[in-house]
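Peer 1: I have a structure here, written as structure tokens, and I will follow up with some questions on it.
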Amino acid sequence: MGSLEVEKTAIGWAARDPSGILSPYTYTLRNTGPEDVQVKVLYCGLCHSDLHQVKNDLGMSNYPMVPGHEVVGEVVEVGPEVTKFKVGDTVGVGLIVGCCKNCRPCKQDIEQYCAKKIWNCNDVYTDGKPTQGGFSNFMVVEQKFVVKIPEGMAPEQAAPLLCAGVTVYSPLNHFGFNQSGLRGGILGLGGVGHMGVKIAKAMGHHVTVISSSDKKRQEALDHLGADDYLVSSVNEKMQEAADSLDYIIDTIPVNHPLEPYLSLLKVDGKLILMGVINTPLQFVSPMVMLGRKSITGSFIGSMKETEEVLHFCKEKGVTCQIEMVKMDYINTAMERLEKNDVRYRFVVDVAGSKLDQ
């Protein structure tokens, strides 16, 4: 099927200002280009970074803005040069929808680190149109930035894997923490953290959840399958656990001290930062020098890794713990997410919300 001759409209829920309140918004889709697919959105996960975007926490938001970057949908149209997909395929779209294709990261297939990457919302596409995300009934996306959902995987389960899942999988894969027998820590038990526990366990790791309080202990151990649980304020237990972990995945999205967690790492251990924090973090250099430890970061994952994590989770039977909501609940869901009142990922039933009615 070729390019659309007439622009189509989409109906989404958009923020109009830094209040972050979403309401219905009709806008024009860009034409389906030669390598584009048009996707009817079925489900879309709600990520903490959506809150940052709609509330202008990073000072870079443009309005109106339709958020949502854990998108699962059905292909309803393909451009004439599309080879990877056909009408009727169930597919996923993540945070990145464009890149330069010429820089070193692009040539190494780590396009998420391209300096000219295009975000799926709050950005401008190559044709000059604003990009809008998955809290909408339709999207048009270049085939390079679309992945096929494995047959037999529930689409609502696939949605969180497109951000939360690959965000954990990518650093474990890149830094060589993907063999069995390792000891890992998961700091923070939200949407990304709960996927960290499940994916690390599926890789055969001994997993310790680290939290600021004891309230999630039973959930972590009994429901998510973690092996141990540490409360960071209990000094005796933290000291007993010193030098015990190969890595820590730090998912906390607010400013917090690093030194208590650096002490848990073995020699050559890595503290991997994933939370978006807009204020400086502090530590004293001997904390890393005296164990050759590293503080590093990781940002989502490549398209290749996104495909890998989908198949990994399908093969290992890894599922996300989700709470399904309709679009008219989205503002309440965002308020609850800000209070960490969700176990563990909201997924919006976009198609079931009947946005066009």
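Placement of Cβ uses the backbone N, Cα and C atoms for every residue, glycine included.
The Zn(2+) 1 binding site feature in Swiss-Prot is assigned to Cys47, His69, Glu70, Cys163; the stated evidence is similarity to another entry. Look at Swiss-Prot and you will find Ser49, Thr167, 188-193, 211-216, Thr251, Gly275, 298-300 tagged as NADP(+) binding site, backed by similarity to another entry. The feature Zn(2+) 2 binding site is assigned by Swiss-Prot to Cys100, Cys103, Cys106, Cys114, with similarity to another entry given as support. Here Swiss-Prot flags 20-348 as domain 'Enoyl reductase (ER)'.
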Peer 1: Let's check the environment of His69 (Zn(2+) 1 binding site): how many other CB atoms sit within 10 Å of its CB?
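Peer 2: Taking all protein chains shown, His69 (Zn(2+) 1 binding site) has 26 Cβ neighbours within 10 Å.
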Peer 1: How far is it from Ser49 (NADP(+) binding site) to Glu70 (Zn(2+) 1 binding site), counting Cα to Cα, in Å?
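Peer 2: Counting only the Cα atoms, the answer is 11 Å.
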Peer 1: Restricting to the domain 'Enoyl reductase (ER)' (20-348), what is the model's mean pLDDT?
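Peer 2: Averaged over the domain 'Enoyl reductase (ER)' (20-348), per-residue pLDDT gives 97.
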Peer 1: Cβ atoms within 10 Å, counted per site: which of Ser49, Ser212 has the most, among these binding-site residues?
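Peer 2: Counting every other Cβ within 10 Å of each candidate, the maximum falls on Ser49.
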Peer 1: Specify the count of other C-beta atoms within 10 Å of the C-beta of Lys215 (NADP(+) binding site).
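Peer 2: A count of 10.
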Peer 1: When the Cα-Cα distance from Cys114 (Zn(2+) 2 binding site) is computed for each of the binding-site residues His69, Ser212, Ile300, which gives the smallest value?
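Peer 2: Closest candidate to Cys114 (Zn(2+) 2 binding site), judged by Cα separation, is Ile300.
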Peer 1: Tell me, by DSSP, whether Ser49 (NADP(+) binding site) is helix, strand or coil?
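Peer 2: Note: Ser49 (NADP(+) binding site) is helical by DSSP.
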Peer 1: Distance between Val192 (NADP(+) binding site) and Cys163 (Zn(2+) 1 binding site) at the Cα atoms, whole Å?
Peer 2: 8
Peer 1: Express the distance between the Cα positions of Cys103 (Zn(2+) 2 binding site) and Leu189 (NADP(+) binding site) as a whole number of Å.
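Peer 2: Between the Cα atoms of Cys103 (Zn(2+) 2 binding site) and Leu189 (NADP(+) binding site), the distance comes to 35 Å.
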